[in-house]
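Student: Sharing a structure below in structure tokens format, with a few things to ask.
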Amino acid sequence: KYQVEDESSHLDEMPLMMSEEGFENDESDYHTLPRARISQRRRGLEWFICGGWKFLCTSCSDWLINICRRKKELKARTVWLGCPEKCEEKYPKNAIKNQKYNVFTFIPGVLYEQFKFFLNLYFLVVSCSQFVPALKIGYLYTYWAPLGFVLTVTVVREAVDEFRRYKRDKEMNSQLYSKLTVRGKVQVKSSDIQVGDLIIVEKLDGETDWKLKVAVSCTQRLPALGDLFSINAYVYAQKPQLDIHSFEGTFTREDSDPAVHESLSIENTLWASTVVASGTVIGVVIYTGKETRSVMNTSNPKNKVGLLDLELNQLTKALFLALVALSVVMVTLQGFVGPWYRNLFRFLLLFSYIIPISLRVNLDMGKAAYGWMIMKDDNIPGTVVRTSTIPEELGRLVYLLTDKTGISGTLTQNEMIFKRLHLGTVSYGTDTMDEIQSHIINSYSQVHSQNSGNSTSSTPSRKPQPSAPKVRKSVSSRIHEAVKAIALCHNVTPVYESRAGVSGETEYAEVDQDFSDENRTYQASSPDEVALVQWTESVGLTLVNRDLTSMQLKTPDGHILTYYILQIFPFTSESKRMGIIVRDESSGEITFYMKGADVAMSTIVQYNDWLEEECGNMAREGLRTLVVAKKSLTEEQYQDFESRYNQAKLSIHDRNLKVAAVVESLEREMELLCLTGVEDQLQADVRPTLEMLRNAGIKIWMLTGDKLETATCIAKSSHLVSRTQDIHIFRPVTTRGEAHLELNAFRRKHDCALVISGDSLEVCLKYYEHEFVELACQCPAVVCCRCSPTQKAHIVKLLQHHTGKRTCAIGDGGNDVSMIQAADCGIGIEGKEGKQASLAADFSITQFKHIGRLLMVHGRNSYKRSAALGQFVMHRGLIISTMQAVFSSVFYFASVPLYQGFLMVGYATIYTMFPVFSLVLDQDVKPEMALLYPELYKDLTKGRSLSFKTFLIWVLISIYQGGILMYGALLLFESEFVHVVAISFTALILTELLMVALTIRTWHWLMVVAEFLSLGCYVASLAFLNEYFGIGRVSFGAFLDVAFITTVTFLWKVSAITVVSCLPLYIIKYLKRKFSPPSYSKLTS
């Protein structure tokens, strides 16, 4: 029977995680082992305290690491049919595990991920220092509350993600399969399938890309299912490996006499999670779990961190240096008196607000908000954000790597349409198909009127007349011949759904010869074949049945014609053609039909003057062309051929060459029948979307497993390569010298797209990686054909490594998972190929055209908003630190906090949080504008919205404003000195609110609400929290009376300070808009 590779792992999933994660951090301890062992001989409690615990931990972790790191060597295996217990080795469990953590590693893991960021680590240290009495400044909660909040938010988010992963895995692992045992069928969970089990695979709907699979012939002859257990047979299979296009193994049956040996190749195997198009198969499990091809081809998902987060991390480090410098300056000005290092530390704590802890919380909440907006956008329904940490990446992409999986792909819809039939003198297009139909109906009705007289000729015009000179045939007979050839020369099988839709009984109605049209579907390994057969059906000649030895056609008037299949020569990428020899049942005539690419066929067919030109014309329309030809054979010619062919098939050495030579003896002087053109239906709006992305300065690379011609064809028809551009097809290279010559040839070309095959790419990367990537990156478009999944991921990593730019991968099949996970931003399309890619991706969309809006609108907004938000939060911290610095320097460099407890917490949260956070609603241009002018996107890739330049501008603003606020407060309040705090704090809050208003580009009603809400909160708290508004502690005896706040002096002084701090910025902004407006404002005005 078939042999099924690990049927279970319905790889709807990201790949397995090894359990190394939890132990990575212990590796450093692990080298200290020998030393620890010598010094700690002292036993007892003292030994344990002194470091025995460390010794114990290291030895435990050492042991654990050894267990986890032990990579099992993969070996070839012998699998006994239906006897898992006979296996010599222990094979991996067939379970999927996508979780990042387990119960024990969750908290440490999440905390490690958080404190890996410099920001959070710094705050942890600061908060812990508050437990030391000498360093205590203000209340404990001023430092612990924000930190606790940040951690709670992140832990909850991770836990939810983790739980979802766990549920998905559980669902996958508990899927049921039927396993054949000695006692009959049993249901077995996917995770319990073992190597050697016999699994029954039933018909399902699914993939659109059918591959023909062949069963092992030895077991086909067994009378009943149970006999599989009575025979003594085993499969010898190669070791698990990455290559998905090959498999080597043998099937041996020992108890027969003599022993039967059969060789097994890739066509005797099924991938995990494949579906069967018709009937049922029984397979023996060869690989399970992480040894299946699909899992071996996927890499471990890495935690993706956006570029923006990395940039902000850099800026916080710069701020930290500024903080240290400031503290040192303060202590120096103090003159290093007394316990100066203690004062230094106190200053570090006082100014710690320079580094905003709320930055991460604000950004994380912002990201959640962007994710929510993307999912709620009605223009791109069905979009799901799976990784909430990187929406800003969508605004920084430079390379877009898309695939065109198999045939059904991200770019093509996998629907082929028959567009053109060319007979040399006449060409038929979509609008003239009815003429063909009438010709066919006429010619067949004539045939049957003749055949009723039981004459042997099959068509009116073709009496066998090999010797007679060729008469120019009528158009009608030529159409007849061409249509018949197309209807016979293919690898398509019609499949019938039975009317009785009883779930258990999916038996086919082939038995009843019920060839009714409504429940027939065609299946073939390539959609263009199906398109051809569907077309012959539409003009009246229908393929109604096919098995290994014959096929039947139905004529327009309902007669059934039977043809016996004598030989099939399948399509290969080398020969680029397929042939079939059939015998007509009614007349006994033998005909050899052949169809193939024009390159291969032009030398085989008889001389003609139109083929090449017409092929060129069709290719320019973006059609896939096939040349159809035939040759009549006499019985003697065929017998002679058959004997030579069988002899060649049995030879051991150079079998392929010998077989090809025999077939070629037939492929001479064939009669050219017609040229067909089939069009790939592109997904809706692919062309405009690709144009838009190109205008946005995104370079598009297409990585596909397709043949070179198909890939080139698609690249043209989808406008990936514009009509005027040249395409440079990189010749296949195998050695360093060839690669060198080809690269030089390519270097001389300017502005042309590159098409290269996976193998040549490997060679170039091996010897000339740097040069190749540099050349390829200058191309407007690159197409890599015949790429393996691992190569796709490799190309992504190369681009990231060499260009340092952000990459995005889009795909819709299981073979794109590793590429999607390697890219900075992975987008999956929920396609006909199942959900696998969309589950592994960071964003999943339902159609390719949605990507335009996802990047141009959402990506752009997310990036610009986060940049504004991040800088604003930093500015908020800088201002207050500046005020603290001014305050301390006026008061003889005392390390006394200016604002106490709740004021500090309230400042970063309740008073300013809403307005600052409302920046995530800001947009500079309307979505329609952003889509209309994709060039706006180009500006973002330079990263100008958040750079050291913009950051320094904000720092200067903060220093200016902080200085004005504090000095202003001190100047105007000589008399009531104690009121400084109240005044400066009020002015500070007003300044912040005004600054938010200044930064906003487009108002949203929520922003206005937020501004007033914050102001209201502040005014309300003035009434309740007056004890905070004195300087320092209550010892100063300065309680702030409400009477003072309500005085006119208080109000005008506060207003004056606020105006001085904000007005200049408004004026500068106005002038800047006037004299050097940003590109977006030119569009909105």
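One-based numbering along the chain as shown.
Cβ coordinates are placed from backbone N, Cα and C, and glycine is handled just like the others.
Annotations for this protein, taken from TrEMBL, read as follows:
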{"type": "BINDING", "residues": "D403, K404, T405, E529, F571, K595, R624, T704, G705, D706, R786, K792, N815, D816", "note": "ATP binding site"}
{"type": "DOMAIN", "residues": "87-144", "note": "domain 'P-type ATPase N-terminal'"}
{"type": "DOMAIN", "residues": "839-1077", "note": "domain 'P-type ATPase C-terminal'"}
{"type": "REGION", "residues": "447-474", "note": "region 'Disordered'"}
{"type": "TRANSMEM", "residues": "141-160", "note": "transmembrane segment"}
{"type": "TRANSMEM", "residues": "318-338", "note": "transmembrane segment"}
{"type": "TRANSMEM", "residues": "344-363", "note": "transmembrane segment"}
{"type": "TRANSMEM", "residues": "873-895", "note": "transmembrane segment"}
{"type": "TRANSMEM", "residues": "901-921", "note": "transmembrane segment"}
{"type": "TRANSMEM", "residues": "951-971", "note": "transmembrane segment"}
{"type": "TRANSMEM", "residues": "977-998", "note": "transmembrane segment"}
{"type": "TRANSMEM", "residues": "1005-1024", "note": "transmembrane segment"}
{"type": "TRANSMEM", "residues": "1044-1068", "note": "transmembrane segment"}
Student: May I ask for the residues of the chain that lie six or more residues beyond the transmembrane segment (141-160) and have a Cβ under 8 Å from a Cβ within it?
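Tutor: Non-local partners: 106-107, 110-111, 113-114, 120, 123-124, 126-127, 130, 352, 357-358, 360-361, 364-365, 388, 901, 904-905, 908-909.
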Student: Within the same chain, where does the transmembrane segment (977-998) have neighbours whose Cβ lies under 8 angstroms from its own Cβ atoms, ignoring anything closer than 6 residues to its ends? I mean 6 or more beyond.
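Tutor: For the transmembrane segment (977-998), the list is 872, 875-876, 879-880, 883, 898-899, 903, 907, 911-912, 915-916, 918-919, 961, 965-966, 968-970, 1007, 1011, 1014-1015, 1018, 1022, 1028-1031, 1036, 1038, 1040, 1044-1045, 1050, 1053-1054, 1057-1058, 1061-1062, 1065-1066, 1069.
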Student: Counting by DSSP, what is the helix, strand and coil composition of the domain 'P-type ATPase N-terminal' (87-144)?
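Tutor: So the domain 'P-type ATPase N-terminal' (87-144) is made up of 29 helix, 0 strand, 29 coil.
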Student: Could you tell me the mean pLDDT over the domain 'P-type ATPase N-terminal' (87-144), as a whole number?
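Tutor: A mean pLDDT of 81 is what the predicted model shows over the domain 'P-type ATPase N-terminal' (87-144).
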Student: What count of other C-beta atoms do you get within 10 angstroms of the C-beta of R624 (ATP binding site), across all chains shown?
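Tutor: Cβ-Cβ neighbours of R624 (ATP binding site) within 10 Å number 22.
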Student: Using a 10 Å cut-off on Cβ-Cβ distances across all protein chains shown, tell me which of the binding-site residues (D403, F571, G705, R786, N815) has the largest neighbour count.
Tutor: D403
